[in-house]
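> Let me begin by handing over the structure; questions about it come next.
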Amino acid sequence: MDSHQASHDSNGQHARTFVYRHPLTVRITHWVNALCLLVLLLSGLQIFNAHPALYFGETSDPGRAVLMMGAEQNADGGYSGVTQIGSYTFNTTGVLGLSKGPSGQLEERGFPSWLTLPSYRDLATGRRWHLFFAWGLVLNGLCYLIYAIWSGHARRDLAPTRHQLRHIGRSLREHLLLRFSADEQGRGYNVLQKLSYLAVIFGLLPLAVLTGLTMSPALDAAFPFLLDIFDGRQSARTIHFLCALGITAFVIVHVGMVLASGLWNNMRAMITGRYSVPIRETADDRT
């Protein structure tokens with residue numbers, strides 16, 4: 001963050017400087033993560049569609065499903081897609097439960113074909129894609145953690161300071177109003193970014209990996225305590241699904257903040273490492 005490259009126009013009113021915001025390792029692992037998470041989500045929904053229902057406990061009990069998707073026949077003989085969440089049922093025809101398949105015909109399926117990998121029904125291929133990119137995510141995550149600890153990135157850039165924590169309310173308000181300081185963005189992650197990154201890196205992602213392992217019968221035989229930790233394979237599957245929802249929500253908010261705070265500047269920073277800020281906001285740094 002201490003490397004600067006200044007540029008000026010003829011009258012000096014729009015002078016800017018580039019700060020080095022993202023090291024190479026952070027940039028590489030970021031894009032590998034993005035690819036892995038995208039494939040994992042789409043292939044995971046393919047796997048989910050093989051049995052589009054979630055339960056808590058060791059066994060499947062349709063009478064106690066916390067989430068269920070499917071199709072129901074109407075009084076006129078047609079069908080509607082329905083999604084049941086607990087005791088509530090919603091008509092989700094065209095999106096969940098009943099939607100057009102790759103052939104263009106309506107078919108009973110949990111998530112629509114445009115959200116699964118592959119788009120057609122192929123559980124075996126979905127599992128292979130999911131397993132391959134799951135290991136890619138784990139190995140990439142380990143590389144990132146080793147670098148973050150060894151280089152001081154975790155302590156320097158991820159750990160929120162006391163000052164930031166004291167002003168978390170102000171930061172939340174500024175983000176809700178979509179007010180972003182280019183200088184603050186250039187100096188490093190704000191407190192909301194740090195807390196959300198820590199929650200994903202040390203919370204949602206490890207939990208998703210552990211619950212994914214728990215769904216493997218072979219690993220359950222080798223490490224039976226996994227079933228005890230998560231109260232059964234079906235509970236692990238439900239928690240795994242909730243982790244995927246949480247990670248997806250994080251990505252949506254993350255992309256939204258990137259767009260709101262300056263798409264090109266943020267993309268340039270994550271590709272080249274350099275983030276542009278107005279020199280007038282960094283005057284204190286040069287005195």
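Glycine too: its Cβ is placed from the backbone N, Cα and C atoms.
In TrEMBL, annotation is done automatically, which means it is predicted and not curated.
Okay, these came from TrEMBL:
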DOMAIN    21-273  domain 'Cytochrome b561 bacterial/Ni-hydrogenase'
TRANSMEM  31-48  transmembrane segment
TRANSMEM  129-150  transmembrane segment
TRANSMEM  195-219  transmembrane segment
TRANSMEM  239-264  transmembrane segment
> Name the range, of those listed as 31-48, 195-219, 239-264, that has the largest tally of Cβ pairs under 8 Å with the transmembrane segment (129-150).
31-48
> Compute the average pLDDT of the predicted model within the domain 'Cytochrome b561 bacterial/Ni-hydrogenase' (21-273).
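The average pLDDT of the model in the domain 'Cytochrome b561 bacterial/Ni-hydrogenase' (21-273) works out to 92.
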